Amino acid sequence: MAPSSPRPALPALLVLLGALFPGPGNAQTSVSPPKVILPRGGSVQVTCSTSCDQPDLLGIETPLPKKELLLGGNNWKVYELSNVQEDSQPMCYSNCPDGQSTAKTFLTVYWTPERVELAPLPSWQPVGKDLTLRCQVEGGAPRANLTVVLLRGEKELKREPAVGEPAEVTTTVLVERDHHGANFSCRTELDLRPQGLQLFENTSAPHQLQTFVLPATPPQLVSPRVLEVDTQGTVVCSLDGLFPVLEAQVHLALGDQRLNPTVTYGNDSFSAKASVSVTAEDEGTQRLTCAVILGNQSRETLQTVTIYSFPAPNVILTKPEVSEGTEVTVKCEAHPRAKVTLNGVPAQPVGPRVQLLLKATPEDNGRSFSCSATLEVAGQLIHKNQTRELRVLYGPRLDERDCPGNWTWPENSQQTPMCQASGNPLPELKCLKDGTFPLPVGESVTVTRDLEGTYLCRARSTQGEVTRKVTVNVLSPRYEIVIITVVAAAVIMGTAGLSTYLYNRQRKIRKYRLQQAQKGTPMKPNTQATPP
């Protein structure tokens, strides 16, 4: 603000009056200073003077509060005008013998605007759209010296004189990505430098702009189309081309169940991954929603997920353990809408139940009965399986395959007698010679003469018992030489006899043919002559 005008010194004022009014003549009234610029509510001293020496009347006419100062002379007076709120034109007047006259001083009041306000910006502004900035200014004078400036940061966007009350200045800006986070403001400039004062500035509160880019394409949602009760599934929602991506909000929900995703951000993309658990209360068709909110816009993708309950099929045996020859019923039951097969045989008619009847045999022991159920859910085939095993109790068995009846081993050789009984439960097996000497079944032994003989093998279980005789022959070394010699001699004699027979036979055939040729009797083809 400019300081108040200084009070003129009395000697200087007198000199001035003497210079202005050097002698008598027509009466003239003067005012000093003729022009004043002062802050609103300020005070100013105004001097009124006249050219006559003895005026009948000298004063000032003004609506402003005034006070005559003591200093003064016959033809001049000094007044203090206070609380100047607006432009004013106080008028000095004088009444002299030779006439009346007046003079005005022009008071110009300056003050900065009472309100400089930038209209609120949208909370979010899409990139590529026009943004209108609007600034309103109330008050401020003199208006001829008042300018309104719109700014982005420190960059001027528009400058206009303040016109009207309130003054309003607008401009349009095409929003860009790099405008995100920029501050916009409005500033007034009251320039009184030409009047010897200064530049007065008032700036509005800044408004920060938030820009965004949200593509028109909906987010991509990947999830299972069907989900079984009491299981978990994974849902992934993603979208590319967002700005600023960290400001994007992602909402994932299955029906009324809000999911809690883990969000991973890229440069301009995100991926939200969440686990979803379903219970029997959720069974049926549910809506899966992925919504992305950025700025004042949103994009949404919907999918349907079918929640189903499908327990594994139930395989029922009359008894899991039966004796040989017992009638057994095997049943397979599943979900009412499922189709079942039992050991590959489908139900007739096709449905959720199938059964099989059989008479238990030893071959059925350990047999698995597999029930497969298939349920169609939302166009997908769901498969479940269940297997049960049948145990058949049957008596002991000893046969040639598992327990050979005759063994012939060389003396002093290492041998392992093998005899295994079958049955369920597994029978106890003992092989004894003369009721006391055991055969070391399954053990590696050195064959001696004591091992030779006939053993009675007895297999016993809760299902009965069975016996089988087993003979062990032990060959001593001398018997082996005799046997080898006899066998070799037999081979030699047999070979010699066969050679003699073949030689004599060929000789007789040639002799017969010669006799027939001498008699002139042709030989009959394909007829073999009988030897003499």
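Glycine is treated like the rest: Cβ placed from N, Cα and C.
If you look up Swiss-Prot, you'll see 28-480 marked as topological domain 'Extracellular'.
In sequence order, THR29, SER30, VAL31, VAL46, CYS48, SER49, LEU58, GLY59, ILE60, GLU61, THR102, ALA103, LYS104, THR105 make up the list of same-chain residues 6 or more apart from CYS92 (disulfide bond) whose Cβ falls under 8 Å from its Cβ. Annotation source Swiss-Prot lists disulfide bond at CYS48-CYS92 (among others), citing sequence analysis.
Marked as disulfide bond by Swiss-Prot: CYS52-CYS96 (among others). According to DSSP, CYS52 (disulfide bond) is assigned to coil rather than to any helix or strand.
Residues annotated as domain 'Ig-like C2-type 2' in Swiss-Prot: 128-193.
Within 10 Å of the C-beta atom of CYS186 (disulfide bond) sit 26 other C-beta atoms, taking all shown protein chains into account. Positions annotated as disulfide bond by Swiss-Prot: CYS135-CYS186 (among others).
Taken from Swiss-Prot, the feature N-linked glycosylation site applies to ASN145 (among others). The Cβ of ASN145 (N-linked glycosylation site) has TYR110, LEU190, ASP191, LEU192 as same-chain neighbours under 8 Å, each 6 or more residues away in sequence.
Among the features that Swiss-Prot reports, N-linked glycosylation site is placed at ASN183 (among others), with the record citing sequence analysis. Its Cβ taken as reference, ASN183 (N-linked glycosylation site) is surrounded by 13 other Cβ atoms within 10 Å in the chains shown.
A strand conformation is recorded for ASN202 (N-linked glycosylation site) in the three-state DSSP classification. As annotated by Swiss-Prot, N-linked glycosylation site applies to ASN202 (among others), with the evidence given as sequence analysis.
As annotated by Swiss-Prot, disulfide bond applies to CYS237-CYS290 (among others). The DSSP secondary structure for CYS237 (disulfide bond) is strand.
The local packing around ASN267 (N-linked glycosylation site), expressed as other Cβ atoms within 10 Å of its Cβ over all shown chains, amounts to 8. Among the features that Swiss-Prot reports, N-linked glycosylation site is placed at ASN267 (among others), with the record citing sequence analysis.
Under the three-state DSSP scheme, ASN296 (N-linked glycosylation site) falls in the coil class. Taking the Cβ of ASN296 (N-linked glycosylation site) as centre and 10 Å as the limit, one finds 13 other Cβ atoms among all the protein chains shown. Annotation source Swiss-Prot lists N-linked glycosylation site at ASN296 (among others).
Under the heading disulfide bond, Swiss-Prot lists CYS332-CYS371 (among others), citing sequence analysis as support. Sequence-distant neighbours of CYS371 (disulfide bond): residues of the same chain at least 6 apart with a C-beta under 8 Å from its C-beta are PRO313, ASN314, VAL315, CYS332, ALA334, VAL340, THR341, LEU342, VAL354, ASN385, GLN386, THR387.
The N-linked glycosylation site annotation in Swiss-Prot covers ASN385 (among others). Mapped onto three states, the DSSP output places ASN385 (N-linked glycosylation site) in strand.
Every protein chain shown contributes to the tally, and the Cβ of CYS403 (disulfide bond) ends up with 21 other Cβ atoms within 10 Å. Taken from Swiss-Prot, the feature disulfide bond covers CYS403-CYS419 (among others), and the record attributes it to similarity to another entry.
DSSP assigns ASN406 (N-linked glycosylation site) to a strand in the three-state reduction. Taken from Swiss-Prot, the feature N-linked glycosylation site applies to ASN406 (among others).
Annotation comment: Swiss-Prot describes CYS419-CYS457 (among others) as disulfide bond. Take the CB of CYS419 (disulfide bond) and look out to 10 A: across all protein chains shown you find 20 other CB atoms. CYS419 (disulfide bond) falls within neither a helix nor a strand when secondary structure is assigned with DSSP, and so counts as coil.
Long-range Cβ proximity for CYS457 (disulfide bond), meaning a same-chain Cβ under 8 A and a gap of 6 or more residues, is found for LEU398, CYS403, CYS419, ALA421, LEU429, LYS430, CYS431, LEU439, THR467, ARG468, LYS469, VAL470. Residue counts of the domain 'Ig-like C2-type 2' (128-193) by helix, strand and coil are 7 helix, 41 strand, 18 coil (DSSP-based).
Comparing C-alpha positions, ASN406 (N-linked glycosylation site) sits nearest to CYS237 among the recorded positions CYS52, ASN202, CYS237, ASN267.
ASN202 (N-linked glycosylation site) and ASN267 (N-linked glycosylation site) are 40 Å apart (CA-CA, integer value). Cα-Cα distances to CYS186 (disulfide bond) place ASN202 within 10 Å, out of the recorded positions CYS52, CYS96, ASN202, CYS237, CYS290, ASN296.
When pLDDT values are averaged over the domain 'Ig-like C2-type 2' (128-193), the model yields 92.
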